[in-house]
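Visitor: Summarising the annotation, TrEMBL assigns transmembrane segment to B:6-23, B:28-48, B:60-83.
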Amino acid sequence: MLEIQTPEAIMFWVLAPVAVLAALGMLLVKKAVHSALLLAWVMITLAIFYIAQDALFLGIVQIVVYTGAVMMLFLFILMLVGVDASDSLTETISGLRPIAITAAVGFGGLFVSLIGRATIGHKPYGLEIANSNGNVQGLAKELFSTYVWPFEVVSALLITAALGAMVLAHHQRTVARPTQREQSIARFRTGSLAGAAGLPNPGVYARHNAVDVPALLPDGTPAPNSISATLKARGDMLESQSFELSEVDNTVTEEK
Amino acid sequence: MSAYNYLYVSGLLFTIGAVGVVVRRNAIVVFMCVELMLNAANLTLVTFSRINGTLDGQIVAFFTMVVAACEVVVGLAIIVTIYRSRRSASIDDASLLKR
């Protein structure tokens, strides 16, 4: 009988509830980013479980592949699709949620009772003999002897997936890309001629040069299109009037 | 404590993932729940490997990881393509076959 020693038992009873709670939180939080972070935590916990169960190689691969690559890909796509696009938690199909929870309780109960029944009287062996030459060496020996054909097939699968992603991400242009000449012509034909030469720079020279202060026109009025629309929308625009040179001496003295 | 306790955790995680796939509507969250189910299956395989004293379970878990990586790549590409044409990542919006 494989008796698990105390350190692993402590590790298990600390991390297993945390993993289950994080998974539940992933289900319940509204924002997709929070779900992703909780899932990353579950995956790190599983990596610790693997290492604790003499699967050193898989534990490291779990961290590198899942928390490193897959979760970063998820976060990347979340950024692309819109981080603040939070899920509305109202149900569209009536009665879906109670049915799903009932089914889950039934399924989970079945699963747990099945494990409980299936394992009665069966003695686990442990991996001491299989890992006697080292976990990585043992896995490599299996992978390149018994499982060499699945290994090759999996490589074909990886290449196919990479190709598939490229095909799906490929974006066919429906109209030709405008050339620089066409853009220049369009700038003069449409809109005012004042904007054709480019927008004025922000900042009141000599007193304040930051990008959040609109430039002053020759008649002293601020030029609103000299600062970014984002700053305006956020309300971060400063009044340029306060930086005006009021006490400047603009009398012209005749030089001899 | 016996090694079987890992199987219970894995069963719970799998069930939670399955509920997430059914209940959540953001396509990316649904996808993450699928990942959770795959991870739970991997934990089962690693535990079985320990119980049986052979490395076959770990090899199968390794293959599962590769397949999951492929699935993530293609699935996320599909989500991005759908988002590009519909400006929405909700799985309720993509119901073109129903109408």
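Glycine too: its Cβ is placed from the backbone N, Cα and C atoms.
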Visitor: Should anything in the same chain at least six residues away from the transmembrane segment (B:6-23) have a Cβ under 8 Å from its Cβ atoms, list it; otherwise answer none.
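Guide: Result: 29-30, 32-37, 39-41, 43-44, 46-47.
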Visitor: Who are the chain neighbours of the transmembrane segment (B:60-83) in space, where the CB to CB distance is under 8 Å and they lie at least 6 residues beyond its ends?
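Guide: The answer is 27-28, 31, 34-35, 38, 41-42, 45-46, 49, 89, 94.
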